[in-house]
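*Asks:* One structure is given below, represented as structure tokens, and several questions about it will come after.
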Amino acid sequence: MTIHIKNNVNWVGQRDWEVSDFHGTEFKMTKGTSYNSYLIQEEKTVLIDTVDHRFSHQFIQNLEMEIDLASIDYIVINHAEEDHSGALAALMEKIPGTPIYCTENAIDSIVGHHHHPEWNFNPIKTGDALDIGNGKQLIFVEAPMLHWPDSMMTYLTGDAILFSNDAFGQHYCDERLFNDEVDQTELMDQCLRYYANILTPFSALVTAKIKEVLSFNLPVDMIATSHGCVWRDNPTQIIHQYLEWADNYQEDRITIFYDSMSNNTRMMADAIAQGIHDVDPAVAVKVFNVSRQDKNDILTSVFRSKGILVGSSTMNNVMMPKIAGMLEEIAGLRFRAKKAGAFGSYGWNGGAVDRIHSRLTDAGFETAVGLKAKWRPDGQAMKLCREHGQFIAKQWALAPLTTTFNTINVDKKIQTIEEPVVLVEPSAELEKPATEVTSSKDAKQCMLCSVCNWVYDPEIGEPNQGVEPNTPWSSVPNDFLCPECHLGKDVFVEIK
């Protein structure tokens, strides 16, 4: 099956309605995808990209219905990933020796995937041109790390079509190919989802590459992507949208996501969200349970947000595994100009909140005061959680707020906290921690682990964790773990 694009250019790709996972399980496809391949028939015949390897036979069979494969003069591979070059090996069995134009990095990747170093590779550089007859040329533009080192774009003069590779694309499958034919809300949602989950780490490169392409002053009548719709109606709209997304994008939105063992952290999330709306009814607050909702939806919401709040119960003195995985994804996506805070419930020890706070700080977020609640939050603790949400709303507001609320109650409680994490005990007000002074008694005070009865002796210390002899308990690091049961400092009590 072919779809006419413009003049002597046709789409010869493959739709995939059933695919649900991309990059392993990194990206969940909710609308399928398409593998877009294009056939240009001027004096020279050019094939731009192939399809995923699972459709190799069908792709070649369809192509043979349109042309004699031997008439293909050149193959252009904009990207070596298997969903672009997957059918290349099967095609080259039919037409060995056909010149392949791609970047130097693509040669390395294609050979690594297909193991055919003897293929007729022709490496290109930005600005190189290939004459295809009838007064038309293909002009190549390298686009490294958008989103692989081998990536490039190809521009067809005369028809003013930019074959943009993954840029400006979407994992979106529809019987209709052009952007003006499909549901606009679905289309832009999928564009945003694609950018947020795949291209966000390369935003600075996106801006630089778009400006470079625009500096060539070439007309762009169509943008033919590698996945999803071809942009023929106002094609530069997606270029301008990319420039906006790449520029530290944020909306007036706060994303809260959490995982909870016994529903306690979920209760905190609900109360915090209510507190935010008490103060700033205009802000969009989105709440997600990472165990039940799609992670790519969550990451897309994070991309759109001015700030995020991450909650977890404490398990084995660390955060819940799915929260740890989400924070690893967030660190890799390298979000910029966003605020963050941690919260969570615990029983013996509240190590999860401390770790989340640290991970968010390391990931480049401007971190706010965190919040811990011991056991199941009661009415007073829920009130404090709600006030914490009010404080967050005030601190993160993008414009002056007109809503009145208990300013003294919120500000005083948060400002009195010197540590990065606030401890909320049921039926207890927040109080400023007492200043720790090392006394002679403290220097000799042994501490008992209330769980396993291991004893910390200051005279001995704990060399395996870098705690030197003669270190008083007050100077032992907060991330110290009992060597026997691996719980934190919170479970230790003084030996009377």
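Glycine residues also receive a Cβ, built from the backbone N, Cα and C atoms like all the rest.
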*Asks:* Quick check on the annotation: Swiss-Prot has Asp83, His227 binding Fe cation 2, so which of Asp21, Asp150, Asp166, Asp294 does it put in that site too?
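*Replies:* Record source Swiss-Prot; matching candidate: Asp166.
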*Asks:* Setting Asp83, Asp166, His227 aside, what same-chain residues sit with their Cβ within 8 Å of the center of the Cβ atoms that define the Fe cation 2 site, listed in sequence order?
*Replies:* Thr33, Tyr35, Asn36, His79, Glu81, His84, Asn165, Gly169, His171, Thr225, Ser226
*Asks:* Long-range neighbours only, meaning 6 or more apart in sequence with Cβ under 8 Å: which ones does His147 (Fe cation 1 binding site) have?
*Replies:* Asp166, Ile198, Leu199, Phe202
*Asks:* So around the Fe cation 1 site, His79, Glu81, His147, Asp166 aside, which residues have their CB within 8 A of the centroid of those CB atoms?
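*Replies:* Once His79, Glu81, His147, Asp166 are set aside, the remaining close residues are Asn78, His84, Leu146, Trp148, Ser151, Asn165, Ser226.
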*Asks:* For Glu81 (Fe cation 1 binding site), what is the tally of other C-beta atoms lying within 10 angstroms of its C-beta?
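*Replies:* If we count other Cβ atoms within 10 Å of Glu81 (Fe cation 1 binding site), we arrive at 22.
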*Asks:* Using DSSP reduced to three states, classify Thr367 (FMN binding site) as helix, strand or coil.
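*Replies:* In three-state terms, Thr367 (FMN binding site) counts as strand.
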*Asks:* Hey, what's the Cβ neighbour count for Asp362 (FMN binding site) at 10 Å?
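*Replies:* 11, counting other Cβ atoms within 10 Å of Asp362 (FMN binding site).
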*Asks:* So for Cys449 (Fe cation 3 binding site), how many other CB atoms are inside 10 Å of its CB?
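*Replies:* Cys449 (Fe cation 3 binding site): 20 neighbouring Cβ atoms within 10 Å.
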